[in-house]
Each structure stands twice: as structure tokens, then as C-alpha cells.
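The following features are taken from TrEMBL:
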type	residues	note
COMPBIAS	77-107	compositional bias 'Low complexity'
REGION	77-113	region 'Disordered'
TRANSMEM	118-137	transmembrane segment
DOMAIN	152-324	domain 'Thioredoxin'
BINDING	Cys199, Cys203, His288	Cu cation binding site
DISULFID	Cys199-Cys203	disulfide bond
Amino acid sequence: MASLAIWRSASRFRNFRGYLCAHTLRQCGSSVSSSPPIADNLHRPSLPFLQPVIPVGAGFKSLGICGRYLSSSAAASTSDNQEKSSSSSKANSKGTQSSGGSQQSGSDAGKPVRGGPVSWLSFLLLLATGMGIIFYYDKEKKRHIEEISNASKAVKEGPSAGKAAIGGPFSLINHDDKPVTEKDFLGKWTMIYFGFTHCPDICPDELQKLAAAVDKIKEKAGIEIVPVFISVDPERDTTEQVREYVKEFHAKLIGLTGTSDEIKKVARAYRVYYMKTAEEDSDYLVDHSIVMYLMDPNMEFVKFFGKNSDVDSLTDGVIKEIKQRKLKR
């Protein structure tokens, strides 16, 4: 009887403990969504009078399940608290940053704003530099204009203003087959014409004009002029050819010829252009300058006369130049 009383007491104690565990699990299941599967497996115990007998092993199993559930609930609540604390700390840090940014913007708003990229000082310096450059160029321009004006006033009118680079030494052969240089004409007024003996019309016309002007100059002013003919066709104009050619125009006309190099040298000295045209067998023409050069007794260039001058204009022009030279001396 005593053992039966002890067993009943123990059974009542186990039933009461199971009831406490089941009640605790229901409270936890209402707050945790993952707990119903565990709570559904645990049945609410009846009163000790309705269920007097419960196996001993079931009590220990229920205690183990209840312990595991309580530990898992505690861990879940701990993790929830940590997440909430971390989220609150992040919110606090963001609030701090925003407040710091607002404070910084406020502090920046209180600072004075700098001026633009061009200050008044730099603008004044730029203006002064520009005015200085304009003044300098204006001064240089005026000085250059004055120099040109003074130089133009200093230049004298007439041939004496400057000497053209025309004329120079030469060494040729005359129509008598004798060597001749520019020195043989010193002390005489000379008129030189460049041409060739096979010229069909221009050279004969110019030489006739030259011969007539020489005679007129002698008649009107009593000035002796030496007419000179220099060939630009050394291949065909031999001394004999030149001799026969000059006799047809004037008794005092001197004909000169030479080698190709000698003719090139004298033509270059007197700025004379000449060139052979297209050849047809041995008959060809020579294109050349049509100019007469007036040289003074020092064999220095005085003036040239072109094709447009007739006999009278050529005569008057030569006399005028010679008289001007004599007056200047």
C-alpha cells in the first residue's frame, strides 16, 4: 500500500510537470510562428483524476523537448534583439551623417564665396598690356612711314638717281677679225644693239633707224655716236658674215661676234634675252630683246630705247641725255 501511494504521488507530480511544460509551449507558440508543429505534437494533459497513469519515459522526453524549444526560442529572441540593435545603430549613424552633412553645408553656407576667374586687378593688367601693344605698333608704324617719306624725298629725279646693273667687261671679235674689249670704246658715246644677220625684218629695221639717228644727232648736236652691232647667233655669224652685213647700214657701224660662251657673257652683262626657235634644217630664227643701249664715254649705262622709238624720238632722246650728263659734270 505504501508503494502504491508513492507511485501515485510520483505520477501526479509528473502529470503536473507535463501540464506546466505544455502550458509554457502554448505561450511560446503564440509568439513564435515556427513553434506550432512542436506544440501540436504535445497534448494538454488531463487532470490527475482523469488520467492517473502516464509512463515515466514520456515525462523525461517532454522535458527534453521543452528544454530544446526554450533554448531555440531564447536564441531566436537574442538574434532578433541583435538585428534590431544593429538596425538602430545604422539608423543612428545615418542620422549622424545627415546631421553632420547638414552641419557641413551650413558651415559652407556661412563661408564667403570667392570671386570669378577674372578679378579687377587682372582685368586692369590686361587692359594696360593691350594699350601698350597698340601704342608700340602705332609708334613703329609712324616711324616706318617717316623713313619711307624721307627716303623718297632723298631720291633725285632722272637717271642719276641710281645706276642700273647693265654693262660690263667683254672680249669679242670685230668684223675685221680683230679682238675688241669694252676698253676700246672708252672716251666715246656708244649705241649698242643686239641682233643676228639672218634676222628677216626686225633687225634690219632697227639698224636702219640707228644709222639714221646717228647721222641726225651729228647734224643737230654735233655729237659723234659710235653704233655697235653684237650678234646673238655665233654659230652662223662669222666675222665675214658680220662684215658684209654691217656694210649695208652704216659706214661707221661696228659688228662684233665671238664664241658661244663669249656671246652668253656679254648678253648676261647687258641683260639681253635670246633663244633659238624651232629648227628647220639649217634655217632657224633667234628670239631676242629689241633694245638699244646708250653708253657714256666711261662705258657706263645711260638709257635704253625700245622698238617704239622712231628716228626722231631716238635722236632727241639721245641728245637730251647727253646734254644732261654734260651739265652735271
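Using the three backbone atoms N, Cα and C, a Cβ is placed for every residue, glycine included.
What TrEMBL annotates, mapped onto the structure for a quick look.
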| residue | record | CB count, 10 Å |
| --- | --- | --- |
| Cys199 | Cu cation binding site | 19 |
| Cys203 | Cu cation binding site | 23 |
| His288 | Cu cation binding site | 20 |
Cβ within 8 Å of the mean position of the Cβ atoms of Cys199, Cys203, His288: remaining residues of the chain near Cu cation: Phe194, Gly195, Phe196, Ile202, Glu206, Val232, Val286, Ile290
